[in-house]
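Straight from TrEMBL, the features:
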TRANSMEM  12-32  transmembrane segment
TRANSMEM  44-62  transmembrane segment
TRANSMEM  109-128  transmembrane segment
TRANSMEM  135-156  transmembrane segment
TRANSMEM  168-188  transmembrane segment
TRANSMEM  200-219  transmembrane segment
TRANSMEM  231-250  transmembrane segment
TRANSMEM  262-282  transmembrane segment
TRANSMEM  288-307  transmembrane segment
């Protein structure tokens, strides 16, 4: 029993640590974007294109060398439309949330962006057959309280930035982005737990590059032409692209260990890391509520991951576990299923 508890504790700590690594990567993209904005460079589609192109260069190239039933030609022949839909959701989610800053406030975006969590839980319930316990809903509520504390700190610090030119449109774009992110994340969880991380990233690189490339030509040709390239601007693009590439590469690993919902809960701290960086880089005003927010979100994340979810899939369906305690082994449907952290599709 002691060994089991120690194993679960180590696994939980590993999950928390990996979730915060993802948040730090998002912080890196946010800081580089802030510097690009100060330099009058606003090309979100170009930035997305560079990330997808790097995924294409690495994962799609590697996938093209695969032999057997899951080679790239077979994947495209049978599932191209699924990966196309997933890439559209991902690309447009990124674009919609960036576009929302032109119409609504930072506070609205921070609050409404959390809509991705209940939507993702709903999608997982129906499509991945994941079942949640009361503690999971309480944990989500705790995390959202932490977000509320962060937003309150922003208001008190006078950081309610953004535009109010068309709040209804801006808020609608944020909600649309949240729904699209939820769809993309659910598809990611299904793919990495039942197929492979390389297949997911390879297809995302292929179709993401095509979609973002077309939108780049249509929407940002003029903006890209107006960029005054120098070492500083180039390095900001490099930092942003590498952070996004690392985020896309590492996130499926964490999703496979836990779930897409758990990962999105951990990412709620990303704004806080950005704020902490802003205290030193952009002279943001400090508020103790930022610390309170970080602690509350972390507590909620621990609560969510400390108790197993479960699946109502048929016995003969493929199973992938979040965290398997030491000593389980064998058939997860015979005794050990009750000892695992969340048997999820």
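Residue numbering: from 1, along the chain as shown.
Keep in mind that glycine also has a Cβ here, set from the backbone N, Cα and C atoms.
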Same-chain residues near the transmembrane segment (288-307), Cβ under 8 Å, at least 6 residues beyond its ends: 12, 15-16, 19, 133, 135-136, 138-147, 149-150, 152-153, 156, 258, 261-262, 265-266, 268-269, 272, 275-276, 341
Beyond the flanks of the transmembrane segment (135-156) by at least 6 residues, Cβ under 8 Å: 106-107, 110-111, 114, 117-118, 121, 265, 268, 271-272, 275, 287, 289-290, 292-301, 303-304, 307, 309
Surrounding residues of the transmembrane segment (109-128) on its own chain - C-beta under 8 Å, 6+ positions past either end: 97, 100-101, 140, 143-144, 147-148, 150-151, 154, 162, 170-171, 174-175, 177-179, 181-183, 185-186, 189-190, 259-261, 264-265, 268, 271, 311, 344-345
In contact by Cβ distance (the transmembrane segment (262-282), the transmembrane segment (12-32); 3 or more pairs under 8 Å): yes
Long-range Cβ neighbours of the transmembrane segment (262-282) (under 8 Å; 6 or more residues past either end): 15-16, 19-20, 22-24, 26-27, 30-31, 34, 110, 114, 116-117, 120, 139-140, 143, 146-147, 150, 153-154, 185, 251, 254-255, 290, 293-294, 297-298, 300-301, 304-305, 322
